[in-house]
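According to TrEMBL, the features are:
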{"type": "DOMAIN", "residues": "70-190", "note": "domain 'ResB-like'"}
{"type": "DOMAIN", "residues": "557-753", "note": "domain 'Cytochrome c assembly protein'"}
{"type": "TRANSMEM", "residues": "7-27", "note": "transmembrane segment"}
{"type": "TRANSMEM", "residues": "47-66", "note": "transmembrane segment"}
{"type": "TRANSMEM", "residues": "204-223", "note": "transmembrane segment"}
{"type": "TRANSMEM", "residues": "235-253", "note": "transmembrane segment"}
{"type": "TRANSMEM", "residues": "499-518", "note": "transmembrane segment"}
{"type": "TRANSMEM", "residues": "530-551", "note": "transmembrane segment"}
{"type": "TRANSMEM", "residues": "584-602", "note": "transmembrane segment"}
{"type": "TRANSMEM", "residues": "622-651", "note": "transmembrane segment"}
{"type": "TRANSMEM", "residues": "663-684", "note": "transmembrane segment"}
{"type": "TRANSMEM", "residues": "704-722", "note": "transmembrane segment"}
{"type": "TRANSMEM", "residues": "729-749", "note": "transmembrane segment"}
{"type": "TRANSMEM", "residues": "769-794", "note": "transmembrane segment"}
Amino acid sequence: MIKKIYNFFFSLELALILSLFFIIAMGTATLLKTDLQAWQYVYGTKWFEFIMWLLGINLVGVMFRYKTYKKAPVFLLHLSVIIILLGAAITRYFGYEGNLHLRNGESANKITVIKNRARPTDIEVKNLGFTVRLDKFVLKHYPGSMQPSSYDSYVTIIDGDKKFKYHIYMNHILVYKGYRFYQASYDPDGQGSILAVNHDPGMYVTYLGYLLMAIGFFASMFYKKSRFMITVKKLKTSGLFALFLFIMLPYNLKAFDINTFAQKSKPLENAFERILVQKSGRVEPVDTLDLDLIHKITKKYKLLGMDYNQIVMGMLAFPAEFQKLPLIYVGHPLIRKKLNLRGKYAPYTAFFNENGDFKFSKEVDAAFNKPDAEKSQIDREWIKLNERVYVSFMIYTAQIFKIYPTPSSKKMNYMWFSPYQIQESVTKGMIDPFSARAYLNSFNLLVDSIKTYNLEKLKKAANEIYDFQKTYTPEILPSKNKIEWEIKYNHWQIFPKLIGIYSTLGLLVIILGFIEVLRLKKYPKIETVFVILGALALLLHTFNMGLRWYVAGHAPWSDAYESIIFIAWGAAFASLVFFRKSMLALGAGLFVAGMFMMVAHLNNIDPQITNLVPVLKSYWLLVHVAVITSSYGFLAVGAMLGFLNLILFAVNKEKLHKQIIEFNNIIYIALYIGLALLSIGTFLGGVWANESWGRYWSWDPKETWSLISMVVYAVVIHAKMMPKLRSEFIFSLLAFLSFFFILMTYFGVNFYIAQGLHSYGQGVTEGYGWINIIFAGMGAWFAVVIAGLVSYFYQKINKPIEIKQNEYSPKA
């Protein structure tokens, strides 16, 4: 009896049960409305602690029962989890966090500490044992905007006779006597600083666990007796290598010949697109601004035979004529009906009555006034449509083109003004009358040159504008070389083109893979061609990411658009570098890359280049995002291969049995590498968080779902060691189903839950249409699996599949 209890208590089965409870608890907590509720009902409870203690004890017992200490890499991996849990326990029971609020010139030797996160009002004051004085707080903004570029606290530490100065800013902390001071926030008037203070004796213990886990994963990929290397060897010796892989109607307008304008304005683009403009603190060529504006208004980059720069030039030079053109996209069919539209586009004039008043104020106001949770799709479309009309108005009136600096720009945070603002700026004394006259003359020359299609005049106007900018604000101007490359980046539109390239190539490679599997015959020359084409697509992808990095001035995985683009790169890279000897694997990876590229270019994901907020300026973040998004690529390839393997099970031909097992070996490798990268990336994120705001784990929904994904994939990896789950079919099924948790980690948390530091949207109020598509896709994900299960068991009844587990599969 005692032996049975011992065997169960220190068994993989109990580990699986505890992991499932752990997953369900964490998943439920992220769906609660507030962080406070999540802490009150889940994270801060004794039963949640009990689950973690049981997991730790179970893991210790399993290590000794199964003698994992005889395999150093496996031992390191399991030991690292125990050390991480130990560090977390020390932090939970002995660590504390607080805040220190200081105004310029103030000193303090005490901090305010929240004793229980479940009761925010339960606070106490702790004595530091030394004094902190704020000598000066400095708030810097991006040029011409109120967006913070950095916020810095210059402090003096006074400890008896010891005194020293220190500069605290985001990602640069002060460590003294066990306390860590972080730049957390500041007062609205910019005269005070809020420092987060952390005292965490478990931090270095946890860091040790992170380090051991990274070493363990790395070592296990080279240790001869590890299941990973055994699986790799089986693939090398096997006979089959898995191979992966708006029609716009013409408009004829009598009052204004659009075809003539489209033809004659084309030569003007080269000079016009190089004019520099200031937007949200970033100085960029007007080509970039035009691309963003016209895509927002039309959902296209070309329309009516004109590209985005020509449309903007026309709106500036011929506003009356262009206001009659169908340029504004209308997404909802009921709104199109209300506007009496035949197509999807409406002219600017359709939204105003004879008096120039906006005709749909009632509908827009009603949409804005509704609570977010009650807004319907048509409400959201009215809000978007109102924004498109307003952006059009900003172009027609030139309000959005901030191209003119002032002699006193340096005193005004390098602020630039639009032609529309010049007269007002003269009245306020920000621009002298002489400069204002020169600015207006240059702008009038610019507009006149477009009207007369005079390239020399346009060049002259552009040079005058650049001379003003260079005279007063040379420090913030991008180099000529960077301007040219940014324009090329905009014109080439490589990322959107990669959608078709990856998807088409992936499907063709998958078809070839199935032909080879069914015929048991390889076509090496065709395979080589596909591998070369895939490599060229990946090189093009890599080049454009590097170009975006150069143009933006930061790594290209800092926002929603960039991170999805990087995930697509990771999927293509994984399939080409690790699985290129298998057509199905290569095709799956390339197809997944194409799908992610398509998701990146959905309507509600903004591809424009922006400045970084201060907390994102960290090398820890750079590595964290790169590693964790790379893991999604490997896991996506594993999921796609799992799906293809389910199809092979359903076909149920005797000659496919060996291929099924070999595909599962590839899946195992993909999932193992993916789990390693996911784990290391998640904990690197913890290091970044700790170095930025003083808490390496805060149960933020994103980090929680990352942990859930880690636990899920750890269960999948260990499934082959459990007798009841030691099935090739179950492993393929789990590999496929598990990717749901990655979809939830990225799309569900970032856009749907939209809480915490990682959210890219505003919950269900943003991206409503395509979010439904994503979740419908998740539903389809399970529907396909159910269909596969029915098909599989139907075939199994008629002709049982017999696969000898120990013939091809790695041993437990």
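Any Cβ shown, glycine's included, is placed from N, Cα and C.
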Thinking of Cβ pairs under 8 Å, which stretch from 7-27, 584-602, 704-722, 729-749 has the most of them with the transmembrane segment (622-651)? 729-749
Tally of helix, strand and coil residues over the domain 'ResB-like' (70-190) according to DSSP? 24 helix, 73 strand, 24 coil
Can at least 3 Cβ pairs under 8 A be found between the transmembrane segment (204-223) and the transmembrane segment (663-684), with each pair 6 or more apart in sequence? yes
Intrachain residues whose Cβ lies under 8 Å of the transmembrane segment (7-27), provided they are six or more past its termini: 42, 48, 51-52, 54-55, 58-59, 61-62, 64-65, 704-705, 707-708, 711-712, 714-715, 718, 721-722
Please report, as numbers and ranges, the same-chain residues at least 6 past the borders of the transmembrane segment (704-722) whose CB is under 8 Å from any CB of it. 12-13, 15-16, 19, 22-23, 26-27, 29-30, 227, 628, 635, 668, 671-672, 674-675, 678-679, 681-682, 685, 730-731, 734-735, 738, 741-742, 744-745, 748-749, 809-810, 812
May I ask for the residues of the chain that lie six or more residues beyond the transmembrane segment (47-66) and have a Cβ under 8 Å from a Cβ within it? 7, 9-12, 14-15, 18-19, 21-22, 25, 75, 78-79, 81-82, 85-86, 88-89, 92
Taking every residue in the domain 'Cytochrome c assembly protein' (557-753), the average pLDDT works out to 76
